[in-house]
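Please read the structure below before turning to the comments.
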Amino acid sequence: MDKAFDEIIGNSHTDSSSNHKVTRYRRRDLRNELGPRLGFAPSDAASRSKDRLYREREEPPLPKRIRISKIPLDVSDYTLDDMIKEFGSPIFSKIFDNKEDRTCIYEFEDPEVLEKIVERYNGYELHNAKIEVEIYQPQRKHSRMNAHNRRKQTAQEQGRGRPGSHYRQRPNRVSKKNKGREKNNTPTSVEALDAELDAYMKG
């Protein structure tokens with residue numbers, strides 16, 4: 001009879017186990033891979049940083065430009081245009097003035113022109129001053145912003161110092177008014193009450 005009872009219990013347990021569905025979760029790293037496929041942006045900051053770097057690598061670099069610096073302030077724009085005109089018409093030009101000198105930037109459709117301008121005018125004397133001519137690679141705006149944000153974040157982390165150091169527990173302060181209340185609320189002993197009652201009756 002005990003054997004039959006055990007068989008009944010075993011069968012009922014097997015039936016309940018077969019009807020019960022067990023949910024098995026996949027590994028977290030595999031589940032996270034479904035986010036981009038479903039159109040959800042990755043929540044991990046490292047993933048966003050990798051995506052941004054990947055996009056920047058895919059973007060083609062900007063065309064190189066020529067920079068002419070240390071130009072005397074009394075040199076006119078027309079003089080600079082005449083100097084560049086012999087190499088063709090630039091597709092981009094900009095002139096910057098500061099307190100000491102001028103700087104102009106040019107971009108040409110033919111990159112080989114840049115080398116010729118450097119050979120022709122680097123160290124060229126203009127109004128008793130030697131100008132400097134160089135070829136440089138301009139950066140995209142978001143690249144400069146990322147570099148600025150990284151420097152800013154580093155400065156903030158250095159300013160914070162040790163993590164958690166700015167969370168300081170302030171000591172509990174009790175005002176003088178509360179101290180007075182605490183003294184008044186102190187329970188009086190039975191002997192003191194009897195003494196006060198005797199003094200009141202005698203008086």
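Cβ atoms here come from the backbone N, Cα and C positions, even for glycine.
Annotated in Swiss-Prot:
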type	residues	note
REGION	1-60	region 'Disordered'
COMPBIAS	11-20	compositional bias 'Polar residues'
COMPBIAS	47-60	compositional bias 'Basic and acidic residues'
DOMAIN	64-138	domain 'RRM'
REGION	137-203	region 'Disordered'
COMPBIAS	139-153	compositional bias 'Basic residues'
COMPBIAS	163-180	compositional bias 'Basic residues'
PLDDT averaged over the residues of the domain 'RRM' (64-138): 95
Secondary structure content, the domain 'RRM' (64-138) (per DSSP, counts of residues): 19 helix, 26 strand, 30 coil
